[in-house]
């Protein structure tokens, strides 16, 4: 018995299913289309919450723990390290949110475009009935973005965007830097508690002892929660990249129809060719090198 995915594919192979006459030509791009941004209420709220939580951690680390510290070298080193990692985390978040994840041109399932593919007998193309697009291989439709996304892994409300072939690097960096600042914050909280227990609480913080304890406990809870969440997400993303299989492809157990590459080559496809320090920079757009050319015809 065929799976539902196979039955759907069989329907898409029927010539009448494409119905190009029902698709209007894609609208021309305007200046407002230059920046990618999903207007989803839930995603926007989650994105704002993410930034506010990072700013809260910044406030507690700097004003509650580092500035009152007597050791200037200790405060300076940890302040530069934490703020640097937090800046990279927020920059990665912004790039992941405002980068086109690999959207297929909307409404390209027109008669002219299908004829330009010069289909031969036995060749088929897949059409998405929701966004009226001819789907290249390994593309999936996102109901939130309302577009078909190349190599779509999943839609993440925390970055208010899909994670696809063009922004996966920034999403991985975001999870890595959030995990690092969460771990750093937990270490600083532990040191500060030890310091305050050994000395007078009124001397180890500019805030009252009850306020200091509450602020530190909240930061500890936030750091522990996001350390676990982002570390697990980082691990699953790296595993997905190394195996060259997206989250959706793993979930649907789709048949592998693309060439198998080494794990190192898969990493370079996502982070850029060749290996360099720019892999860790959210400001460097990856050069995908000899990445697979997605085919419309199968």
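The backbone N, Cα and C atoms fix where each Cβ goes, and this holds for glycine too.
Per TrEMBL, the feature domain 'Palmitoyltransferase DHHC' maps to 127-253.
Residues annotated as transmembrane segment in TrEMBL: 42-66 (among others).
For 72-91 (among others), the entry in TrEMBL reads transmembrane segment.
The transmembrane segment annotation in TrEMBL covers 170-193 (among others).
Among the features that TrEMBL reports, transmembrane segment is placed at 213-234 (among others).
Note on the transmembrane segment (213-234): residues 53, 56-57, 60-61, 64-65, 172, 175-176, 178-179, 182-183, 185-186, 189, 192-193, 207 of its chain, located 6 or more positions outside it, place their CB under 8 angstroms from a CB of the stretch. Using a Cβ-Cβ cut-off under 8 Å and counting only residues 6 or more beyond its ends in the same chain, the transmembrane segment (42-66) has close neighbours at 74-75, 78-79, 82-83, 86, 89-90, 93, 97, 144, 157-161, 178, 181, 185, 188-189, 192, 205-207, 212, 215-216, 218-219, 222-223, 226.
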